[in-house]
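Straight from TrEMBL, the features:
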- B:25-244: domain 'MacB-like periplasmic core' (DOMAIN)
- B:26-46: transmembrane segment (TRANSMEM)
- B:282-307: transmembrane segment (TRANSMEM)
- B:286-401: domain 'ABC3 transporter permease C-terminal' (DOMAIN)
- B:336-357: transmembrane segment (TRANSMEM)
- B:377-401: transmembrane segment (TRANSMEM)
Amino acid sequence: MIKIEGLHKSYPIGKDSLHVLKGLDLHIKEGEFVSIMGSSGSGKSTLLNIVGLLDTHDEGNYFLNGQLIQNLNEKKAAVLRNKFLGFVFQSFNLISYKTALENVALPLYYKGMGRKERLKIAQEYLEKVELGPWANHLPNELSGGQKQRVAIARALVTNPKVILADEPTGALDSKTTDSVMDLLKGINDEGMTVFVITHEEDVAEQTNRIVRLKDGVIISDEYTKAGKLKTVK
Amino acid sequence: MFKFLFDSDTWQEIYGGIRKNKTRTIITIIGVLWGIFLLVVLLGAARGMENNFKNLFGDFATNSVFMWAQRTDKPFKGFQEGRRIRLTTKDIEVLKSEFKDIKYLAPRSQTSTNIINGFKTGEFSISGDYPVLDKVQKKDLIYGRFINENDITNKSKVIVIEETAYKQLFEKNEFPIGQYVIADNINYKVVGVYKRGNIGIDGDAAYIPFTTFQQIYNRGNYIDWMMVTGDTGVDIKQLESDIKLTLKNLHKVDPEDNRAFGSFNLAVQINKVTGFLTGMQFLTWFVGIATLIAGVFAIGNILLITVKERTKEIGIRRALGATPIEIRQQVVLESVFLTTVAGMLGIVFGGLILFLIDTTLGSGPDPTLLNPTVNIPIILFAFFILVVLGTLIGLIPAYMATLVKPIEALREE
């Protein structure tokens, strides 16, 4: 699903440039539940941005769903994001003046779907994250866990190939963290590829495969207990 | 391409964006509203002044010049300077045949006398005139008629008096037509009563036929002065100097003599005022459009600020699959929508103010502003300009909105 070969990325800082990713190789197959671990500055967010087509890479190849990603203009990137990727952010990034339902329906709007149809689908996904009764609430009327579930519903609504979650539990307490992780696990069980970035060990433990990044290189890439169980299955 | 314009979702998004930024929305609307409001009110007021002015001269042929004879100030052909010149009816005949672009030519003789009706009496100026005077300065008749050609041919002893004279000489509501008044021991039959216009060059004069006047006051061929009206489009200033030259020739006056013939060019005087009004109108447009542009710039400015504030929202939208064009469309449409709404409100408020002005200042016998109105095409034009400016100015923040990469927009604070 996601295949990265010799990926390099550096950011210019004044006259110098900061080499963030130093030749990453990573292959994530369809249906995997992968977490990227690393301290801040390890390059994990940069990796997610590149995988999420929010940023471009300097060197190396990136295949998304078998398609080589290169020379993307903003428009193509937007279409690909809408088609293949669902984002979940640490700070939820819900649009504050739209209700939970409208927030979930927004990606479908950019897909060009009619209002009635997309609200119906959005409602289904809200039910799926158990927020059906909260459909007409504004984000500031929801708790952190609820907001993140709305965000997950929004990421799922276009039925993407990959869910990219950037510190999805970073702003949540441990109880809601578990419920969000359970939700992601459930999604993964349905066959969705889930790609989580985190610095919390116990969050990473709940995924099937942990990739550890340090200073722009992968230092380890191994399956967790659950992951081993699953591959055996 | 314009499909998105008719998409209810597009408007839903814009409505959401506008509702969210209430303060911004209100401030922007006020900015543009004020601009177009000023434009409408100023244009209306200028129009009102112009209308009032036109009304003032409404019953007067404005393309006119008044001329009279004085004393020469140069010796010529054996005549000494200081010779008194007098205009004659013969001059009138010559001018009439020489100048084809004279529309009306009214020779006039005037004096002042007591008019008596029984025990009532009053001093009035009395003027000998041709029916053509009614054409140069339309007489607003309350009773009867003005002097006609028959009166001229028959040298009839008929008189047309002014309303003031009527009030002074007759009982209230007394029917004056057919009654006789006495002036300088001559009985005149009253044939008309007129109401003085806004500009009365003769004051409250009473009119009798020109031929009658010349005979009774023993004027022979001599006239006091004349009123010349040019055809529409004739350069009245040129006509004035041409006529003077002809008159100088007829009366053997040095062509360089500047004193022999005096004149008052009404058209030139009016043009001065009309020029002022044109200047006012220009000023109005200038101020109005400048304010409008300032308003539109305010919209652009505020949109730019809100685009910066909304960087994150725009980043989210783009992460969810919004293409840069879709983002731009939204920002531009917001700008256009705001200017349009503000423009319409401004026009409506401006119209209301003009209506108020009309009902307060515009009514009564002597209104300050008459019919303060603005032409619909002018308003549509201003509105069109406004929408175009709104679009153009919206392009800047729209461009800025897509300049920020979604990754930067989403970066955690």
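Each Cβ is built from the backbone N, Cα and C atoms, and glycine gets one as well.
Where the transmembrane segment (B:377-401) meets the stretches B:26-46, B:282-307, B:336-357, the count of C-beta pairs under 8 angstroms peaks at B:282-307.
Computed over the domain 'MacB-like periplasmic core' (B:25-244), the whole-number mean pLDDT of the model equals 83. In terms of DSSP secondary structure, the domain 'ABC3 transporter permease C-terminal' (B:286-401) contains 96 helix, 0 strand, 20 coil.
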